[in-house]
Amino acid sequence: MIELTALAIALSMDAVAVSIALGSKCEEEIRQLALKAGGFFGVAQMVMPLLGFYLGVQLHDYIGGIHHWVALGVLGFLGLKMIREATQGEKELALSSHPSSSKLLLLAFVTSLDAMAAGLTLTLLGLPLWFCLLFIGGSTFLLSFGGVHLGRKSGTYLEEKAEYLGGIILILIGVKIFIEHS
């Protein structure tokens, strides 16, 4: 359960960083934006790992004996990518103070691509898939909701720190899985 909690927090950090950025630009209707962003990001973080999980099931015969290497590679790559983006300040989409639903959907998709890749590793947690998906999605909703409010109060200061922390957590989970299954 500790691994799932760490994974959920790490995967949600891109969404949290975007939520903080959205909140920093929000001039009014903060609660509505927080609910909307949390909803979009939470659902995307449930769906994308499911797609990754089913991709992993299809590839099981090919990667079954080296799954711990795959987990280390995928999570390590994603973690390093998040750290690089945080340190270089890369932003993929310009944010406005009133993002449309289509813009939020696009942001949710972009921020959940890492979750799809991480879905390949969900079987290694030894927990029911539905529980993992609900936990990851629910955690992302709550953290994104809070991120919008936090962004309103802190501006963009915390945005890159959230991505940096998420990257470190993903790398540590990958190393832990590798050590446990080697």
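Every residue number used here counts from 1 along the chain in the order it is shown.
Each residue, glycine too, has its Cβ placed from N, Cα and C.
Distant neighbours of the transmembrane segment (2-22): 33-34, 37-38, 41, 44-45, 49, 79, 82, 86, 91, 95, 99, 107-108, 110-112, 114-115, 118, 125, 127, 132, 135-136, 139-140, 143-148, 150-151, 154, 156, 158-160, 162-163, 165-167, 169-170, 172-173, 176-177; these residues of the same chain sit at least 6 beyond its ends, with a Cβ under 8 Å from one of its Cβ atoms. Positions annotated as transmembrane segment by Swiss-Prot: 2-22 (among others).
The annotation transmembrane segment is assigned in Swiss-Prot to 37-57 (among others). Long-range contacts of the transmembrane segment (37-57) within the same chain: residues 11-12, 15, 18-19, 22, 63, 101, 104-105, 107-109, 111-113, 115-123, 129, 132-134, 136-142, 144-145, 147-148, each at least 6 residues beyond the stretch ends and with a Cβ under 8 Å from a Cβ of the stretch.
As annotated by Swiss-Prot, transmembrane segment applies to 63-83 (among others). Residues 10, 13-14, 56, 114, 117-118, 120-121, 123-124, 163-164, 166-175, 177-178, 180-182 of the same chain, all 6+ positions outside the transmembrane segment (63-83), place their C-beta atoms under 8 angstroms from a C-beta of that stretch.
Sequence annotations record features per position, and here Swiss-Prot assigns transmembrane segment to 104-123 (among others).
Note on the transmembrane segment (127-149): residues 1, 4-5, 7-9, 11-12, 15-20, 22-23, 26, 30, 33-35, 37-39, 41-46, 49-50, 53, 115, 162 of its chain, located 6 or more positions outside it, place their CB under 8 angstroms from a CB of the stretch. Among the features that Swiss-Prot reports, transmembrane segment is placed at 127-149 (among others), with the record citing sequence analysis.
Marked as transmembrane segment by Swiss-Prot on the basis of sequence analysis: 162-182 (among others).
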